[in-house]
Amino acid sequence: MIRKGGNGELALIDRIRGRAASSKSSALRLGIGDDCALLRLKADEEFAVTTDLSIAGRHFKMEWHPPRAVGHRTLARGLSDLAAMGARPVAAFLSLGLPRELTVCHGRNPSWVDGFLDGFLALADQYRTPLAGGDLAESPVALADVVLVGAVPLGRAMLRSGARPGDLLCVTGALGGAAAGLELLRKTAGSRRSDRSHSDGDVRLAPHLWPLPRIVQGLRLRQNLGATAAIDLSDGLSTDLNHLCQESGVSAEVDAQSLPIHTGASLEQALHGGEDYELLFTVRPDAVLPRRIAGVRVSQIGRITKKHRSRSRVVLLEGSGRRSLTSEGWQHFS
Ligand SMILES: [Mg+2]
């Protein structure tokens with residue numbers, strides 16, 4: 001049971017505090033337990049802060065997504081925003097709204113929220129991002145609100161607004177895998193409802209259920225490659241590239257042939273499927289692009305061009321033809 005001041009809430013907070021205590025960092029001076037967390041930056045750094053809300057039925061489905069994957073994805077979304085700025089993670093804050101039944105263990109089976117925390121804290125550990133605070137409340141639907149605090153050298157964050165005509169347009173990893181995984185989840189959910197052990201281990205679902213934020217790649221893009229602009233691909237290439245072009249006041253051309261399409265995904269999923277959490281970035285034309293950064297492939301997919309009739313536009317070059325690539329970001333479950 002979660003009620004302000006109730007024993008159930010305190011017990012759950014104790015459980016979370018106990019589990020969060022293992023992840024320490026030099027930037028976190030004081031974590032869960034006092035009125036505020038205390039964070040310390042290095043000299044000449046500034047904070048990068050992002051917040052992200054996940055709601056059952058909108059960003060995940062109780063019947064489709066294993067609780068561990070919901071926890072993992074909640075943190076991954078926030079970390080991916082830090083990656084896009086070239087920031088290093090400092091701490092995470094998590095607020096949960098939960099129906100009472102999701103906090104109750106059934107016999108030997110852990111509760112839904114314990115599964116959620118397994119996924120959240122495993123990724124937090126992997127990315128050395130301590131859980132430094134949060135809040136709990138009873139709610140008619142499950143929701144998770146995460147705040148990520150990162151640090152970046154003063155004035156050095158990668159912004160969406162830095163792309164210039166002539167820059168190379170590049171992307172990390174492969175695209176469309178998350179959309180292909182979601183499509184598979186949608187197709188199979190009806191036939192084997194809540195067979196979680198099965199869906200958990202299917203590699204075709206991995207890009208959707210277990211995305212890995214490109215933190216190390218973001219740091220290297222900023223430090224070593226001098227990336228001029230960056231954004232993480234949360235809403236899909238067509239949508240996020242249009243955001244980048246708008247903010248930079250430029251246009252872009254994408255070569256369909258150069259797109260790194262994920263195994264099992266279609267061109268349309270690579271163009272419009274969201275939640276891949278790869279980094280879309282630009283570099284000066286004389287930059288020497290590595291083939292991989294920390295094991296993740298890097299591809300040039302096009303170039304930045306001037307505004308067309310004082311408007312930003314994105315064009316897809318396909319064979320000898322060209323078509324306008326408008327925002328068609330993945331609409332979760334609508
Ligand atoms: Mg983002």
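Backbone N, Cα and C define each Cβ position, glycine as well.
Record features, source TrEMBL:
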- 33-151: domain 'PurM-like N-terminal' (DOMAIN)
- ASP35, ASP81, ASP232: Mg(2+) 3 binding site (BINDING)
- ASP35, THR50, ASP81: Mg(2+) 4 binding site (BINDING)
- THR51, ASP52, ASP135: Mg(2+) 1 binding site (BINDING)
- ASP52, ASP81: Mg(2+) 2 binding site (BINDING)
- HIS59, GLU275, TRP330: substrate binding site (BINDING)
- GLY134, ASP135, ARG160, SER234: ATP binding site (BINDING)
- 164-314: domain 'PurM-like C-terminal' (DOMAIN)
- ASP235: Mg(2+) 5 binding site (BINDING)
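Here HIS59 (substrate binding site) is compared against the binding-site residues ASP35, THR50, ASP52, and the shortest C-alpha distance is to ASP52. Less than 6 Å separates the Cβ from ligand 1 in the case of none of the binding-site residues ASP35, THR50, ARG160, ASP235, GLU275. The Mg(2+) 1 site is defined by THR51, ASP52, ASP135, and by the 8 Å test on Cβ atoms against their centroid, the other residues of the chain that qualify are LEU53, GLY78, PHE93, LEU94, SER95, ALA144, ASP145, VAL146, VAL147.
Under the three-state DSSP scheme, GLU275 (substrate binding site) falls in the coil class. Using a 10 Å Cα-Cα cut-off from THR51 (Mg(2+) 1 binding site), the binding-site residues that qualify among ASP35, ASP81, GLY134, ASP232 are ASP81. Here the Cα atom of ASP235 (Mg(2+) 5 binding site) is found 35 Å from that of ASP35 (Mg(2+) 3 binding site). Look at ARG160 (ATP binding site): DSSP puts it in a helix.
Confidence annotation: the domain 'PurM-like C-terminal' (164-314) carries a mean pLDDT of 93 in the model.
Within 10 Å of SER234 (ATP binding site), counting C-alpha to C-alpha distances, fall the following of the binding-site residues ASP81, ASP135, GLU275: ASP81, GLU275. If you check the binding-site residues THR50, ASP52, GLY134, ASP135 against ASP232 (Mg(2+) 3 binding site), none has a Cα inside 10 Å of its Cα.
Looking at ASP135 (Mg(2+) 1 binding site) and ASP35 (Mg(2+) 3 binding site), their Cα atoms lie 11 Å from each other.
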